[in-house]
Each structure stands twice: as C-alpha cells, then as structure tokens.
Amino acid sequence: MTEFKHETVLLKEATAALAVKPAGTYVDATLGRGGHTRQILNHLTTGRLIAFDQDEAAIATVTADFGTLPKQLTLVHRNFRDLTDALTTLGITEVDGILYDLGVSSPQFDDSKRGFSYRFDAPLDMRMDQRQTLDAKTIVNEWPYADLVRIFSRYGEEHFSKQIARRIEQARTVQPITTTFQLVELIKAGIPAKARRTGGHPAKKVFQAIRIAVNDELSALESSLEQALKLINVGGRISVITFQSLEDRLVKTMFKEVSSVQDVPRGLPVIPASAQPNYRLVNRKPILPSEEELAVNHRAHSAKLRVIEKIHD
C-alpha cells in the first residue's frame, strides 16, 4: 500500500474550539486520516465520538491504523449531508459539538489514481465516494457547453470559463477526454498566454470547479450545517475549517444569519427574547494558522476556522 503523508491543519485550534467535555457526544464530520478524531478522543472519558467519511479509503486506513477501535469511537461511511439520519440510526438525537475539516485531503490529492490533481496523469474521476456514478469524465464529456461555463465560473471563479468550455466542447467531438493531462492541455489552450503566467497553475480553478460539481460539495455542506445547527445542545459548538473562498463565504453567511438579532422596530429599549439569536459567534474573525504551522504545512496557507456556539433553544 502506498503511504501518504498528511498533516492535519489547525489540529489543536479546531479541537480546542469545541471545548470538549469528557462525557460529551461529538461528531467529526470529516474523518480523513483521523487527526482531529484522535485529538477529540484524547479529551473523552465516558463520552462518544462519531466520525463520518464518504471515502472508503479513509475509513479503511483509520481502522487499520487503530487496529482495534476505541470503545468511544464509531466510524460511519456516509456523506456528512446524512448527519441526522446516520445519528438517529445510532440512537443519537443531540450532540455537544461537531467539527468539519473541508476540502480534499492530502492523500486524496496525492493518490494519482483518484484524478483529483493536475500534477499527475490519471483517469478523470474526482469522486470522493467511489460508490457514486457521476465522475469528472462524465461532466467533461457529456455536460453541455452552458453547464461547463456555469460551473467553471461559479465553482472555480475562472475568468476564461467560456474559452475553456469551448475548447473542451470542440475536443470531445473528435475523441473522448479521459485523462487529467488531456484536460490540463485543453484548459491551457483556453487561457491566453499572458494570463497563464500568473496566478498559479492554469488548471487549478477548473479542477476545483469540476471536483465541487462531481461531489456536490457546497450543497452537501449547506445541508449538513443546517442539520448541525439543530443537533447541537445549548453550549455546544460547531467548528468549521475551510480552504477556499466559496466554502468560507457559505459558512460565514450561515453563521452570521443565525447569530444576528432578528428584525425589530427601531427605538425599542429592550430587544424581545423572540428576536434574540440562539447562537453566538465564538470569534468575530476566523482563526488562522500560526506562523509555525505555515512554515511546516503548505496546505495550511488558505485555511480559516470559524466557530459558533448554541446559547438558547
């Protein structure tokens, strides 16, 4: 088996933000390679931790690493959009904290067979859950030009979405686009030479867009956070680590909405209880990685941690 190095980002900060109680019930919504899971377990005595991951490889790797799973830990091979259903199946209707570490893990990026990276020539795949049928190859070869433009613009914030989509549309009429390197060359061809020389790898934005579309990432996140806000107890917290602006804006917007005072007439001496928010932002601004972490973990550079706490039912 190939060994992949993975450094968990904001490991101590995200776990500390949960304020873990030894007898509490917690959820790690993104198991990955188990960094945050282990950190939470270190604080539990009689408590319980449910760790989710839609990637079978993550479940298998962590299971093998533990050998025998701690009695406090339950692993769930499901997307975190199934949060409520999965917890209900386990007899859990409320929890004391939930942690999300979003995006693609380093092992997923570094496994060339998964097709997540423009650095390796591999079949176009990008599925986090290998059980699903939609993959990157299907999107690139079958989705209409207009849909390609839409996802490149919306999910990749790519300025040359139309030009790239046109190149793809033209190429796939000649032969199917089946590998990451084929796609990289088409992306490069759709971006003017001057623009290719700035802003990092020219394929980065389109690969991100296709990955988000394949895995329906933003919709899954929004659905999961809505459930999480209902599941946590008073005093419970949700910690979310994001790595790109689309995720961060979604989390920021949702947290701001539920932690803000509802519309009330101006001039009221006291804001009525019905208008008071049920949640509070633990930090007004996101927590960022330390200089020390940035020096040893390049993946941490875009990370932001946002935390919210439930203060009323």
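Cβ coordinates come from backbone N, Cα and C, glycine included.
Over in Swiss-Prot, the protein carries these features:
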- Gly34, Gly35, His36, Asp53, Phe80, Asp101, Gln108: S-adenosyl-L-methionine binding site (BINDING)
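Packing around His36 (S-adenosyl-L-methionine binding site) is summarised by its Cβ count: 29 other Cβ atoms lie within 10 angstroms of its Cβ, all protein chains included. Look at Gly34 (S-adenosyl-L-methionine binding site): DSSP puts it in coil.
In the three-state DSSP assignment, the secondary structure recorded for Asp53 (S-adenosyl-L-methionine binding site) is coil. Counting every protein chain shown, the Cβ of Gly35 (S-adenosyl-L-methionine binding site) has 21 other Cβ atoms within 10 Å. According to DSSP, Asp101 (S-adenosyl-L-methionine binding site) sits within a strand segment. Every protein chain considered, the tally of other Cβ atoms within 10 Å of the Cβ of Asp53 (S-adenosyl-L-methionine binding site) stands at 28. Max Cα-Cα distance over the annotated S-adenosyl-L-methionine binders (Gly34, Gly35, His36, Asp53, Phe80, Asp101, Gln108) is 17 Å. The number of other CB atoms found within 10 A of the CB of Gln108 (S-adenosyl-L-methionine binding site), across every protein chain shown, is 21. Long-range Cβ proximity for Phe80 (S-adenosyl-L-methionine binding site), meaning a same-chain Cβ under 8 A and a gap of 6 or more residues, is found for Ala29, Thr30, Phe52, Gln54, Tyr100, Ala220, Leu221, Ser224. Listed in sequence order, the residues of the same chain lying 6 or more apart from Gly34 (S-adenosyl-L-methionine binding site) and placing their CB within less than 8 Å of its CB are Ala51, Thr61, Val62, Asp65, Phe66.
The number of other CB atoms found within 10 A of the CB of Asp101 (S-adenosyl-L-methionine binding site), across every protein chain shown, is 24.
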